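See structure below.
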Amino acid sequence: MTRYAAPGTEGAIVSYQSRYDHFIGGEYVPPARGQYFENPSPVNGLPFTEIARGTADDVERALDAAHEAAPGWGRTSVTERSDILLKIADRMEANLERLAVAESWENGKPVRETLAADIPLAIDHFRYFAGAVRAQEGSLGEIDDDTVAYHFHEPLGVVAQIIPWNFPILMATWKLAPALAAGNAVVLKPAEQTPASIHYWLSLVADLLPPGVLNVVNGFGVEAGKPLASSPRVAKVAFTGETTTGRLIMQYASENIKPVTLELGGKSPNIFFEDVWARDDDFRDKALEGFTMFALNQGEVCTCPSRALVQRGVYAEFMEAAVARTELIKPGHPLDTDTMIGAQASNDQLEKILSYLDIGRQEGAKVLTGGERIEHDGELKGGYYVQPTIFEGHNRMRIFQEEIFGPVVSVTSFDDFDDAVKTANDTLYGLGAGVWTRDMNTAYRAGRAIQAGRVWTNCYHAYPAHAAFGGYKQSGIGRENHKMMLEHYQQTKNILCSYSPKKLGFF
């Protein structure tokens, strides 16, 4: 066990600044209106830094810097851009522990996750797109003996990126790595709940990028996010967050006919067929671990498997074991490497989760375990902690249909394959799903039948850089990750060239 010291205390490997301004044009600049807001740690509910409160004036200044930098960055050779991304990855790897502690303190998640997943994945995403852009090629089409169609990949120019609070550094990386690799300049707005860890990351890597290529404007959605998303000066808007906000982002961008990538909410089903229980072996144990994935990152994941569907013939035995497995999840100090579940990211999110715990009870759902806030004493007093909770009910309940974004799973049974698929698809969302079975025919058929952008099969919560990610239905538009993302941040230029000296013959 390792217990990291809180940032800024004796023995700490991380120190946050007392104040962070906007990062514009390669330097920190104060907010145009001189306003700041406090940023509390979910670990104890206490402010640890203050953040510049951005407005439209700050957004315009950032766009000025981005537009000045974009042409030069777009003309920079692919080799040089790739090398810079690799240097960013190397710098992050050299400071992995510091980044992990910084993010855990600001977001509340267990440091075991940031050490093993969040930061290593972010590093790998930069390396992946550094390689992908080197391998990308245009195309040539021979129309006839004298006519050739050339196709070139050109950057969009200046793009807007709005980042969520559940994975501050990783979600920024998902957007930044392909955008920068493709030759774009970026204006990024972090979530108002978690802006500081982005600035800590910037303190490590900002010197590697030309001034103006990456600009960060802090602030709240209406004050900074709206003017950024609605600006005619951006060529694309990429957003990750809840569906209601995504709908607004789409409206803002549509006013200027700008493309959007939206990674939105989910209510992902995790389906356990009865053959999972056929033998008491490693696979059964793996499936039980798969059930508990609803508590990963405190359930603050868009693809959280927040609905579990268990085949009726094994339901009682499976759920007895699943409840026991869930109760082994260890809460505690987020900076302790033994802690398995930390704090919710904000007090607002804590209150939302607690309200859904009440809703579930009012609907008649049965609490199989959990269902309460965790009240810690000592240095965790005032933090935002919730017990992993299992509800038993039916798919028409609000707790089955609405995104809670907390460590809460709603469980029901199904009769057969068709019943499982019908229940899985009975939702407005379609971001992720899980299928657990020993029969690969069942696995394949279920994966194709479920209306979701990603279907994990005998696994869950894996996010490799080279696997496309995105939603069906109201879970979003577009994809993230995979080399296809380069083209999402590019436009295709066609030069149709005739080498014939003869006349066209029209007139």
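Cβ from N, Cα, C; glycine included.
Now, the feature entries from Swiss-Prot:
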type	residues	note
ACT_SITE	GLU263	active site
ACT_SITE	CYS302	active site
BINDING	GLY219, PHE220, GLY221, VAL222, GLU223, ALA224, GLY225	NAD(+) binding site
Cβ-Cβ neighbours of GLY221 (NAD(+) binding site) (radius 10 Å): 17
CYS302 (active site) and VAL222 (NAD(+) binding site), distance between Cα atoms, whole Å: 22
List of residues, in chain order, with Cβ under 8 A from that of GLU263 (active site) and at least 6 apart: PHE239, THR240, GLY241, CYS302, LEU431, PHE469, GLY470, GLY471, SER475, GLY476, GLY478, GLU480
Binding-site residues compared (VAL222, ALA224) - the one with the fewest other Cβ atoms within 10 Å: VAL222
Count of other CB atoms lying within 10 Å of the CB belonging to PHE220 (NAD(+) binding site): 15
Shell of the NAD(+) site beyond GLY219, PHE220, GLY221, VAL222, GLU223, ALA224, GLY225, same chain only (C-beta within 8 angstroms of their C-beta centre): GLY54, LYS189, GLU192, LYS226, PRO227
Neighbourhood of GLY219 (NAD(+) binding site), C-beta criterion under 8 angstroms, separation at least six: ALA52, ARG53, GLY54, THR55, ASP58, LYS189, GLU192, GLY225
Spatial neighbours of GLU223 (NAD(+) binding site) that are distant in sequence (at least 6 apart) but have CB under 8 A: ARG53, GLY54, THR55, ALA56
